[in-house]
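A.B. asks: Sharing the record's features from Swiss-Prot:
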- 26, 27, 118: divalent metal cation binding site (BINDING)
- 20-207: domain 'RNase H type-2' (DOMAIN)
């Protein structure tokens, strides 16, 4: 059984010395069978702090929705990036995530000196970068990015749900749940489904 890591057990993050502007970068949507992988990059303003930043998955939907506009308003810069389902199929999910992160950073109106990436892999960037394991719990910039990315993708799934209510996207957000599998088996796949993912391949008979 995997032990859940409490943020209090994690070592405090030490920011690399000699840099001024840090961008936090995170992604949402690597696991779902449908839709884009969405990324965000955020440079926070030390003179305009935001209370309550943490991993977006640890916050209620209501709290995320409250923080979403506050981050956009108070950050020095923020940007969203994405790779669509067809790009994920062409590249693979890891490479597509790296590209989406590159797009988020490239979209920042202020150029950061250093990029802090949640996870264990840094995409090729024009500035220094560091992968931070559990960064969404340890680094406020990454926490802010995780909230922007999650709220954005969740809202996209709610829009898709209105177009295709039979799939239940608003509930499971495209993740591989029993309800999602059952809907695919009954109704087939839509253009937003990731055809390179095994459960989708199975329904299409292209395993």
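Using the three backbone atoms N, Cα and C, a Cβ is placed for every residue, glycine included.
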A.B. asks: Around the divalent metal cation site formed by 26, 27, 118, list the extra residues of the same chain whose Cβ is within 8 Å of the site's Cβ centroid.
C.D. replies: 25, 28, 39, 40, 101, 117, 119, 135, 136, 142, 145, 146, 149
A.B. asks: So of 26, 118, which of the binding-site residues has the fewest other Cβ atoms within 10 Å around its own Cβ?
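C.D. replies: The binding-site residues 26, 118 were compared, and 118 has the fewest Cβ atoms within 10 Å.
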A.B. asks: Starting from the Cβ of residue 27 (divalent metal cation binding site), draw a 10 Å sphere and report how many other Cβ atoms land inside it.
C.D. replies: 27
A.B. asks: Can you tell me the three-state DSSP label for residue 26 (divalent metal cation binding site)?
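C.D. replies: The residue in question, residue 26 (divalent metal cation binding site), is strand (DSSP, three-state).
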